[in-house]
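Asks: Submitted below is the structure of interest, expressed as structure tokens.
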């Protein structure tokens, strides 16, 4: 399928409105054109600083604006992060993602995160961070330290965004993605479904992502995990079929991107997840927790992979890895 960055909302809506089986069939066809069938990229996500975030994202347990009963934690030691990364690699993860509950990293935090990137990279894993908004200098220093991916989700459509967050703008998020691109890193950016948004908002989110100058290399599609004490604690749960439709449409309009199953997966059956893989999802977060929300554990994931005949993708060699191999030849 031809790579496009000029999708219209009308075209994306037409995909959403296809009969479900036709949509999933098309998505699987597109997936097999661009990726190895039955292979899933596995990532692990670790919270390196938890809670007391100054942002007011209405879905988030880490926001200081809400009483979610979350116990805040200070930055964890780099040595602890490396230990967790080694365990993740041993369990089959090819990418290690590190997240901090910050609006943006302060300059005093930069030596800490840069050391972390270098140490995890030295393990032979792909590296990813989500630290909030970045400026251009911070993005460039992260790239120089060896960071492969930077995650900064758009969360929802531009139109619905102000219903969810007021402490940073939609364009603030786009600016950070631009800084990441200019620095030469890969982009991880997606959103959350089930926030009380309409299908038109889900279309709007995917339209924003698919019309970026370069599609995000990874697109996480989160299902809201309602957190007691947050404004969205009692929001009506989105139908799983609608979530899978969103995955399928994302696969079709961003054919080269990894489509990742993220938050909300622990509540899904094996059959639901199998349908999501059929719809073109080819990445997931493994481990018992995603930052502060529960997640399917590694044992459950391996059992699911065995049941479905899936294998975990191996880490891709970096330019530096290839250079070392060439020198050794």
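Glycine too: its Cβ is placed from the backbone N, Cα and C atoms.
Owing to the predicted nature of the structure, the values given are computational and were not obtained by experimental measurement.
Relevant sequence annotations retrieved from Swiss-Prot are reproduced here:
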type	residues	note
BINDING	53, 57, 60	[4Fe-4S] cluster binding site
BINDING	97, 128, 188, 260	[2Fe-2S] cluster binding site
DOMAIN	38-262	domain 'Radical SAM core'
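For each feature listed, report its degree of burial, its nearest neighbours and the pertinent distances within the displayed model.
Replies: The Cβ of residue 60 ([4Fe-4S] cluster binding site) has 25 neighbouring Cβ atoms from other residues within 10 Å, across all protein chains displayed.
Taking Cβ-Cβ distances under 8 Å and a sequence separation of 6 or more, the neighbours of residue 128 ([2Fe-2S] cluster binding site) in its chain are 43, 95, 96, 97, 98, 147, 148, 149, 150, 151, 188.
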Asks: In DSSP terms, helix, strand or coil for residue 53 ([4Fe-4S] cluster binding site)?
Replies: strand
Asks: Cα-Cα separation of residue 57 ([4Fe-4S] cluster binding site) and residue 260 ([2Fe-2S] cluster binding site), in Å?
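Replies: Taking the Cα atoms only, residue 57 ([4Fe-4S] cluster binding site) lies 21 Å from residue 260 ([2Fe-2S] cluster binding site).
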